[in-house]
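The structure under discussion appears below in the form of structure tokens.
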Amino acid sequence: MNVVNNSRDVIYSSGIVFGTSGARGLVKDFTPQVCAAFTVSFVAVMQEHFSFDTVALAIDNRPSSYGMAQACAAALADKGVNCIFYGVVPTPALAFQSMSDNMPAIMVTGSHIPFERNGLKFYRPDGEITKHDEAAILSVEDTCSHLELKELIVSEMAAVNYISRYTSLFSTPFLKNKRIGIYEHSSAGRDLYKPLFIALGAEVVSLGRSDNFVPIDTEAVSKEDREKARSWAKEFDLDAIFSTDGDGDRPLIADEAGEWLRGDILGLLCSLALDAEAVAIPVSCNSIISSGRFFKHVKLTKIGSPYVIEAFNELSRSYSRIVGFEANGGFLLGSDICINEQNLHALPTRDAVLPAIMLLYKSRNTSISALVNELPTRYTHSDRLQGITTDKSQSLISMGRENLSNLLSYIGLENEGAISTDMTDGMRITLRDGCIVHLRASGNAPELRCYAEANLLNRAQDLVNTTLANIKKRCLL
């Protein structure tokens, strides 16, 4: 008797959907049958385009991830497909290894979303799956006859090669005399980062390791984490603090004063350090990046790494040094790039380590804050309102589409006035004074995201706080 009679029906009945990047849902809905259904459908879609006999598999530190991985591995075995399990590693480490081995991969991770949720990310042998692949996975009708959940034996190869990818770029330990704090919490890469930075010459201080899962969101850094960073920087005399989200594909980096950098500013500095010609970024990124001051071409996309990756195809026709990054800090290398006469192969998926290393390399004879202060002054801020369903978020955006004045009044900005809107992803409103407010539904969880941009940080923060406070008050009426 089949455990999964029809993978399409099992997935549909689970209520789990593809979000901004990967399939996301409640842990209780990711049953072994649902994990198996996603796995066999993914394999079927990949077999239409690629020849392979093995799939790579890895997990983050969420308590539910190992059991989900066991179900995925069991489904692969049922289909006669081998599995290499790389244990707990950052998502980009799995992606790099699987691309090097020309095989598909599955990452069990919920990234930064709340504890009670989890997810599955899928990789083709040539990188992240596309939105077209996602649709194909949801339409496949396949079966799984037997699921035997076995202990998974860990291979260290992905972790070793991920560290080597970056240490091989530098012939000298350029971080000598630098003190780097690693905010470890429950990050999937927490056991890799210390040896990586030590190999580059740094004195490393381990900070904030947690036995419980901590869903760090690099676009909505908590007040507690801001205070921690400032305290650590002072107590340990740090030159920088490095951290990531849960699965290690979004960086969180603080300067010598413990001030966390915005992800898009980090991406800009990394792109400049790499001497990039063309850049693909979501529309939510700081507008100074697309101002024409830094790059030959900037392509604006919807929010989500699949859209950034899709833009690489267009950019590669005219440019040879291509990168992409997001407001969350995740950095995507769209082409091979030579660094210190060493070739760094393209890695078209979000990565947290490359932007950190290039920022530290660029600031090796100065400070991180000095590099940031050289940029034009334009500030962004973002936060989220949790527990807001996608339907409710979309109804807010529809309100703005039908009558912008009504939306501005609803979010407490009725006296601001708007001069333009952009509907590329959600609703991005340019106000009369040139400030920007951007609302969109999260693709990963029932959350409403709010982004703001202004010439003063306090102004950007006030716009986000006012907007979300008014929405929260009205939604709870």
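A Cβ is built for glycine as well, from the same backbone N, Cα and C atoms used for every other residue.
Annotated features, as they stand in Swiss-Prot:
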ACT_SITE  SER111  active site, phosphoserine intermediate
BINDING   SER111, ASP245, ASP247, ASP249  Mg(2+) binding site
TRANSMEM  30-46  transmembrane segment
TRANSMEM  265-284  transmembrane segment
Tertiary contacts of the transmembrane segment (265-284), as residues 6+ beyond its ends and Cβ separation under 8 Å: 251, 253, 290, 294-304, 307-308, 311-312, 315, 318-327, 329, 331-332, 334, 337, 339, 354-355, 358-359, 361-362, 371-372, 375, 382, 422, 424-425, 428, 438, 440, 451
Listed in sequence order, residues with CB under 8 A of ASP249 (Mg(2+) binding site) and six or more positions away: PRO90, THR91, PRO92, SER111, GLY330, THR349, ARG350, ASP351, ALA352
Cβ neighbours within the same chain of ASP245 (Mg(2+) binding site) - under 8 Å, at least six residues apart: SER111, HIS112, SER187, PRO215, ILE216, ASP217, THR218, LEU252, ASN328, ALA352
Other same-chain residues whose Cβ falls within 8 Å of the Cβ centroid of SER111, ASP245, ASP247, ASP249, the recorded Mg(2+) site, in sequence order: ASP60, PRO90, THR91, THR109, HIS112, ALA188, THR244, GLY246, GLY248, ARG250, GLY330, ARG350, ALA352
Intrachain C-beta neighbours of ASP247 (Mg(2+) binding site), sequence separation six or more, cut-off 8 angstroms: ASP60, PRO90, THR91, MET107, THR109, GLY110, SER111, LYS121, SER187, ALA188
Other C-beta atoms that fall within 10 angstroms of the C-beta of SER111 (active site, phosphoserine intermediate): 34
